[in-house]
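TrEMBL has this to say about the protein:
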- 1-71: region 'Disordered' (REGION)
- 112-139: transmembrane segment (TRANSMEM)
- 114-682: domain 'Major facilitator superfamily (MFS) profile' (DOMAIN)
- 151-168: transmembrane segment (TRANSMEM)
- 180-198: transmembrane segment (TRANSMEM)
- 204-226: transmembrane segment (TRANSMEM)
- 238-261: transmembrane segment (TRANSMEM)
- 281-300: transmembrane segment (TRANSMEM)
- 390-411: transmembrane segment (TRANSMEM)
- 541-563: transmembrane segment (TRANSMEM)
- 570-591: transmembrane segment (TRANSMEM)
- 597-619: transmembrane segment (TRANSMEM)
- 631-652: transmembrane segment (TRANSMEM)
- 658-676: transmembrane segment (TRANSMEM)
Amino acid sequence: MADPYHNNVYHQGDGDSYGTYGQGGPDGYGYQTDYPTQEEDAASDATEGHDEDDQMYEGEYQGIPHPDEAKTARRAARAKARTTADTVSDQEELAEQYEDIMEDCGHGRFQWTLFVVLGLALMADSVECFVVALVLPSAEKDMCLSHSEKGMLGLIVFLGMMFGAFFWGGLADKVGRRKCLVIVLAMNCISAFFSSFAQGYGFFLFFRLFSGFGIGGSVPIVYSYFSEFLQMDKRGEHLSWLCMFWMMGGIYASFTAWGIIPRYGWGFSMGSEFQFHSWRVFVLVCALPAIAAFVGLMFMPESPRFLLENAKHDEAWMILKQVHDTNWRAKGEPERVFTVTHIKTPKTQEDEFIEIQSATGTAFQRWGVRTLTLTKLVIKNIVSLLGRDLRLATLLMAIIWFTMAFSYYGLSVWFPDMIKHLQHEEYESKLKVFHREKVEQFHFNFSLENQVHREGEYINDKFINIEMKSVKFEDSLFVDCLFENIRSTETLFENCTIRSTVFNDTDLYEEKFIDCTLENVTFIHNKKGCHLDYEDENDVLIYLVSFLGSLAVLPGNIISALFMDKIGRIKIIGGSMLISAGCTFFLFLSFSQAAIIAWQCLFCGVSVAAWNGIQVITVELYPASKRATAFGALNAVCKLAAILGSSIFASFVGITKVIPILLSFGALVGGGVLALKLPETREKILL
C-alpha cells in the first residue's frame, strides 16, 4: 500500500541542504538543528541588549535554566514518551513535529503583530454585542418601536451570531481560518454601513441580523487561528491576554456612545423621510475595529497548521519560515537559519476527490461539486464531535458553555433593567395627581410632566409650544381647546370627551386617544414619527453602567492570564464559576442603583476568568481538523443560552429577585462542578 504521506525537501540556492527532518537527531526524533554554537549565539531572549563581552546567561546566577536547555529537555521528554508508547498516531506525530517547529520559531514580533490584528477582530465581536443596547433608547424613539419590536431588536444580533458561529466555525476547518475571518469582517463592515442608513425597522433589523451572522464567526476563528502560532508553554497566557480585547470592545463601545449619541448636532436630515441622527453615526463608528482588523489581515498569512492538515506543504513551509525569520531578526539574530527541510503530512482522500471532480465539467458544475463536497465534509466534521473519542468532552463543554452564558448574559440584561426599574419607581413616586380640576380660558405655556388628570374640565384653553411627558388624562372633558406645536412622550387620553377642538402641528395621533369620544375635532399637520429627546433619552447612567461593567473585568483578565499556565485551566474555570455563584447572593442586597452597579462589577470581574479558561481549553481539547468546528458549535450553544437567559431574566424585573438569583446560582454551581471533571490541557500539545 502506498505511503499516504509526502516528503517535501527544500534546498538553499547554493545547493546546500537546510538540514533533514526525519533522519535521527540526537533525541531519536527526526529533527536536526544547525543553529550557531553557544559561543556564536550567546545572546538569548533574557540577555538581549547585553554587551558582547557578557557571554554568561544571566539566569545562571539564579539557577534558572537557559531557554534552549528547557526546550531541549521538553523535546527529550516527548521523545521518551514516544519510545514508551505502544503506537504513535500520524496525528500525534504531526503535532509533535509542529510543536518543535514553533519552539524553534520562537515567540516574538510575528505573534505580537497577529495578536493585535486578531484582537481587533475580537473587539468587533464585543462591540456588536453592545451596539444595539446602547442605541436602543434613541432608536426606539426615532423609529417608533413597540415593546415587542425593541425586544426582537435586542435578540436578533445574538440569533445571527448563533448561526454565524456554527456556520463559519465549520467552514474555517475546510476553507481556511484567514479566508473565513476576512469574509466575516467584511460582512460586519458592510452591514454596519447599511444599517446606519436604514430608515425602516425591517431593514434595520435585517442588517443587524446579517451583521451578527458575519461577526459571530470571528470568535471561533480568532482563537483557533492564534493558537496555531503559539508554542505550548505560551499558549494559555497569550490566549488569555487576547481575551482583553473583548473588554476593550465594551469600553470602546460605551465610551464612543457616550461621546457621540447625545450630540444631536452630529446628524442631518433630508426632508421628513430621511433622518440621520447621531446614534446612526455611532453605528458607523462601531465598524472601525472590524475595518482595522480587515486591513491588518491583508498582511497576515494563513495558519500553517491548517495548511498542513490540508496537505499544502509548500505554503505551510514558507509561512513557518516567515514566522521564524521575522522573530529572530527582531531579536537581533538574523543569522539563525530555519532548518526544517520536510514535514510529514497527510494527503486526504477528500482532497483527491475534490481535485479530480473539480477539474472536469463546466464552471458551474465544478462549483457545484466543490460546494456539495464541502458541505458534506463540514457536516461530517460536526457529527464527528459526538464520536467515541470526543463525545464526553463535547457534552461536558456544551453544558459548561451553556451554564456560563445563561448566567452571564442573563445577569448582564438584568443589571441595567433593574436600574431602570428603580429609576421608574423613583419617578412614579413623584407622580402628581389632579382630580376634578376645572380650567377655563387658560393658556398652558409650560410643560406638563409625570402627571395624571382625572375627571377634569378644560373649556376654551390653549396648549401651545409645550412638551407633555408621561401625562395621562382620564375621564376628562375638552371643549373649544387648541393644541398647537405639541411634543409628547408617553402621553395618553383615556375615556375622554373632546369637542370642537383643534390639534395643529402635534404628534397626538389617534392611537393616543383610547376609548375617547371625538366630536367636531380637527387634526392639522400632524407630526410624523416619534419625538427624540437626547437629553432625556440618553441618561449618562446607561453608558456608565456599560463602561464600568467592561472595565471591571480588567483585574480578572490579568489574574487569569498570569496564572492560566501555572495553576491550570480546570482550577481557573471551576474556581471562577463557583466564586461567581457565591457573588450572586449579594444581589439580594441590591436596593439602590449604586449597589447594583457595584455587584455587577464584582460579578463581571470574577466571572471573566472562567470565560478565559473556557475559551483556552476549548482550543486545546480538539484536533486541528475539528478545532474551529467545535469552537463554533460550542459558541452557538453559548449564544442560544444568551438568548434564553436574557429573555427569562428580563421577564422577572420588577416582579421578583429570587428566581433570577437562584437560576444563575444553580447554573454556575452546576457548570463549575462539571468543569472539574474536564482533563487538564496545559501540558498538552495541540493535536
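Yeah, the Cβs are placed from backbone N, Cα and C, and that goes for glycine too.
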With pairs restricted to those 6 or more apart in sequence, evaluate whether the transmembrane segment (597-619) and the transmembrane segment (112-139) have 3+ C-beta pairs under 8 Å.
no
How about long-range neighbours of the transmembrane segment (238-261): same chain, 6 or more residues beyond its ends, C-beta under 8 Å?
107, 111, 115, 118-120, 122-127, 129-131, 134-135, 138, 222-223, 226-227, 230, 278-279, 281-282, 285-286, 289, 534, 538, 540, 543-544, 546-547, 549-551, 553-554, 557, 560-561, 564, 608, 611-612, 615-616, 619
Suppose I define contact as three or more CB-CB distances under 8 A, residues 6 or more apart in sequence; do the transmembrane segment (631-652) and the transmembrane segment (658-676) meet it?
yes
Averaged across the domain 'Major facilitator superfamily (MFS) profile' (114-682), what pLDDT does the model get? Just tell me the whole number, please.
85
Among 112-139, 151-168, 204-226, 541-563, 570-591, point out the range having the most Cβ pairs under 8 angstroms from the transmembrane segment (658-676).
570-591
Same-chain Cβ contacts of the transmembrane segment (541-563) under 8 Å, 6 or more residues past its ends?
130, 133-134, 137, 237, 240-241, 243-244, 247-251, 253-255, 257-258, 412, 415-416, 419, 423, 572, 576, 593, 597, 600-602, 604-609, 612-613
Pairs of Cβ atoms less than 8 Å apart decide it: which stretch in 112-139, 204-226, 281-300, 390-411 has the most with the transmembrane segment (151-168)?
204-226
